[in-house]
Amino acid sequence: MKSVQFCFLFCCWRATCCRSCELTNITITVEKEECSFCISINTTWCAGYCYTRDLVYRDPARPNIQKTCTFKELVYETVRVPGCAHRADSLHTYPVATACHCGKCDSGSTDCTVRGLGPSYCSFSDIRE
């Protein structure tokens with residue numbers, strides 16, 4: 001009986017204390033030199049923790065796959081950047097995650113590095129949301 005209670009308490013603790021891989025709101029900054037304008041866009045992306053391990057030794061029978069919190073489903077949305085010069089491309093397309101999971105990072109479609117995408121601020125002085 002005590003082991004059942006312990007398992008129940010452990011599962012409750014894990015569910016409340018450890019955030020799993022889930023959708024989260026983020027703000028990205030978009031600017032174009034030909035527009036001399038900057039906007040902030042609210043979107044969703046995946047964040048959280050995934051169970052992973054790093055083996056001390058390499059075992060050819062068990063490949064070492066690091067799992068990361070990444071998108072399972074993705075859509076693209078387009079926004080028009082205001083203030084663009086005539087004939088300048090004022091459209092910017094950005095990804096929006098609609099579902100997340102813990103899985104192997106696909107380097108063909110995702111930046112799997114530790115570094116971020118760079119600064120999340122505008123280099124122009126006029127910022128509009």
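Glycine is no exception: its Cβ is also placed from the backbone N, Cα and C atoms.
Per Swiss-Prot, the feature disulfide bond maps to C21-C69, C35-C84, C38-C122, C46-C100, C50-C102, C105-C112; the stated evidence is similarity to another entry. The N-linked glycosylation site feature in Swiss-Prot is assigned to N25, N42; the stated evidence is similarity to another entry. For 1-18, the entry in Swiss-Prot reads signal peptide.
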Which same-chain residues, if any, lie at least 6 apart from C69 (disulfide bond) yet have Cβ under 8 Å of it = C21, C46, A47, G48, Y49, C50, C100, H101, C102
Inquiry  = On a C-alpha basis, identify the one among C35, C38, N42, C84 that is nearest to C105 (disulfide bond); the candidates are the recorded positions.
reply    = N42
Task = To the nearest whole angstrom, state the Cα distance for the pair C35 (disulfide bond) and C122 (disulfide bond).
result = 13
Rounded Cα separation (Å) that holds between C84 (disulfide bond) and C38 (disulfide bond) = 11
Request  = Fill in the CA-CA distance, C38 (disulfide bond) to N25 (N-linked glycosylation site), as an integer in Å.
outcome  = 20
Ask   = What's the CA to CA span in angstrom from N42 (N-linked glycosylation site) over to C122 (disulfide bond)?
value = 15
Ask   = If you draw a 10 Å sphere around the Cβ of C50 (disulfide bond), how many other Cβ atoms fall inside it, taking every protein chain shown into account?
value = 16
Request  = Work out the three-state DSSP category of C105 (disulfide bond).
outcome  = coil
Query = Going along the chain, which residues six or more apart from C122 (disulfide bond) have their CB under 8 A from its CB?
reply = T29, E31, C38, S40
Among C21, C35, C46, C102, the one of these disulfide-bonded residues whose Cβ has the fewest neighbouring Cβ atoms within 10 Å = C102
Conformational class of N42 (N-linked glycosylation site) under the three-state DSSP mapping = strand
